[in-house]
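Peer 1: Under the heading domain 'ATP-grasp', TrEMBL lists B:9-219. What TrEMBL lists as ATP binding site is B:45, B:52, B:53, B:54, B:91, B:94, B:99. Residues annotated as Mg(2+) binding site in TrEMBL: B:191, B:205. Residues annotated as substrate binding site in TrEMBL: B:255, B:317, B:318, B:319.
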């Protein structure tokens, strides 16, 4: 089993005809994903060949959904068009919209989020995220499929490369789903949303949670874990050495005053019984211990 | 991008918010000139992107031009919490006013916008929240409907502002909201928001943080700091590198913000065993890691005189490690026969890691050491930096 994305997911790609979109569409197909459509305004009626697979292009999301039964959208459009693209997906009522685009203005994300909340039909993951992968089933985004395997670990992370690192270190045990929720200040799906889904997923036995400085998502996740998660959780938090007031790569990764520090996040997680690794490798070791004792 | 007070007030004025007349000065003579033009007592304010200016002596009243020149001379060059005041704002002093507080900000946790208004301005708002919570209105703002005059009046009333100020305060709040939305700000804060005895409302201070991601639809480039803001970071920006200068000895290059942050931590842990060696910088070269980007990154890091060893930490996800290794080899060639001035430890993991290692060992560069694990690489680079 898996969360949010399975072998039955039918995926459309907004911005598939662009360079990034087509490169990653080919990779998603290679990972076993059922890519059913591309959407590019003004290019409806065309199609793109990916090896033996011919993917039709539609001018709009609603039309693509009606024609193909797509239930997942992956968004690769440039930042200035991201708000319009996601709003279109929300208005069409697609159940899952994964926004890979980096550099979306926060006010755009806030408006899209408010609209999605009002509609109540669409889960948004991202923006500025690597997407998600259920190894052996499907991939929606840019997470490399060949560094890991299918298995019982669920992973949720703010960081792309740290996700890859942990997936690779634990490739012999394998993953149900790995979700990259992104490093922006405002994001659609949170650690808590993924934790809840992993808790409910019979195919997930244990959870890796990766956080980083900025905001209080990890502290909130800790409070949620204490009340609602019975499966073992192992965590990692990046950014202990980050100075106050400097943005560390991700727009959301910033320590403001005394809030958002890695130390506070680690303490909040440990307080509710989550084991927190000091380094990615130690985090992988802790997960091995958890899996070995089961 | 955080703005200086004078830049924030420039934006306020553009949106019709009343601010005291005044200008920014870079020299004491200029400050005197502005005070002369204003023909009134002035306030001289240090322009630094941090709080606590008043306590540090960075805000002074000057009754006339001569005093303005003296105070400016004292404040220019002043260090306030590690920020140097290169300029001062000289503006007409406002007399006899009540102090309120107003702010709009992004509420990350609730994924919405938040208005905070208080009748208790002029002091630290966190203190107000702790000691007089009834005097602070915190109201979520719907990103789709925003703040109109009715909402603004409600804000003024909830914050306990005197009734005869509600209209003037509400008009100012609506304009501050316009700054928030139309300028793509992440924070707009006015403390104090002043109300004079004749019931005019004006912004005596201003703190604005703009969303860099929205720069494509704004003309905010004039607000960016010039080349005088610390050398290496400016040079890195010019090369489109995501670089943050830190105070250590180990240069760090990696791909992906999370992995680089993690690398800094692992280097600092390892450094504890080697006399407290620390990371010298954050540098994320992103997904591609081409030879050119690697060369640019190494060039910036090695021009930091504090750097005594470099760690390149790459996880090959989409980019395979052999491509990264070729990038490193090509980047090293740009240093010519002398080679880089200090040792470089390379750790590659993920796709084609073994092939990458072979490329580096075949190149046999005397300054390059290859380590297969992140922890081991951090250990070695800390040892080399401490040597």
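Here the Cβ of each residue, glycine as well, is placed from N, Cα and C on the backbone.
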Peer 1: By CA-CA distance, flag whichever of B:53, B:54, B:94 among the binding-site residues is nearest to residue B:255 (substrate binding site).
Peer 2: B:53
Peer 1: Which of B:45, B:52, B:53, B:54, B:91, B:99 (binding-site residues) reach within a Cβ distance of under 8 Å of chain A?
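Peer 2: Cβ contacts with A: none found.
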Peer 1: Rank aside, I only need the closest one: which of the binding-site residues B:191, B:205, B:317, B:318, B:319 has its C-alpha nearest to that of residue B:94 (ATP binding site)?
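Peer 2: In terms of Cα distance, residue B:94 (ATP binding site) lies closest to B:205.
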Peer 1: Of all the binding-site residues given, B:45, B:53, which residue's CB has the most CB neighbours within 10 A?
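Peer 2: Highest number of other Cβ atoms within 10 Å: B:45.
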Peer 1: Sort out for me which one of B:94, B:191, B:255, B:319 has the most neighbouring CB atoms within 10 A, since those are the binding-site residues we care about.
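Peer 2: Neighbour-count leader: B:255.
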Peer 1: Look at each of the binding-site residues, B:54, B:317, and point out the one with the fewest other Cβ atoms around it within 10 Å.
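Peer 2: Comparing Cβ neighbour counts within 10 Å for the binding-site residues B:54, B:317 gives B:54.
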Peer 1: Please report how many Å separate the Cα atom of residue B:53 (ATP binding site) from that of residue B:319 (substrate binding site), as a whole number.
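Peer 2: Cα-Cα distance, residue B:53 (ATP binding site) to residue B:319 (substrate binding site): 48 Å.
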Peer 1: Please report the distance from the Cα of residue B:99 (ATP binding site) to the Cα of residue B:191 (Mg(2+) binding site), rounded to the nearest angstrom.
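Peer 2: Between the alpha carbons of residue B:99 (ATP binding site) and residue B:191 (Mg(2+) binding site) there are 8 Å.
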Peer 1: At a 10 Å cut-off from the C-beta of residue B:99 (ATP binding site), count the other C-beta atoms across all protein chains.
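Peer 2: For residue B:99 (ATP binding site), the count of other Cβ atoms within 10 Å is 16.
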Peer 1: Around residue B:318 (substrate binding site), how many other C-beta atoms are within 10 angstroms of its C-beta?
Peer 2: 19
Peer 1: From the binding-site residues B:54, B:91, B:205, pick the residue whose C-alpha lies nearest to the C-alpha of residue B:318 (substrate binding site).
Peer 2: B:205
Peer 1: Between the Cα atoms of residue B:205 (Mg(2+) binding site) and residue B:52 (ATP binding site), find the distance and write it as a whole number of Å.
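Peer 2: On Cα coordinates alone, these residues lie 13 Å apart.
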Peer 1: Taking Cα atoms as reference points, rank the binding-site residues B:191, B:317, B:319 by distance from residue B:91 (ATP binding site) and give the first.
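Peer 2: Closest candidate to residue B:91 (ATP binding site), judged by Cα separation, is B:191.
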Peer 1: By a simple count of other Cβ atoms within 10 Å, which of B:91, B:205, the binding-site residues in the record, is least packed?
Peer 2: B:205
Peer 1: Return one of helix, strand or coil for residue B:318 (substrate binding site), based on DSSP.
Peer 2: coil
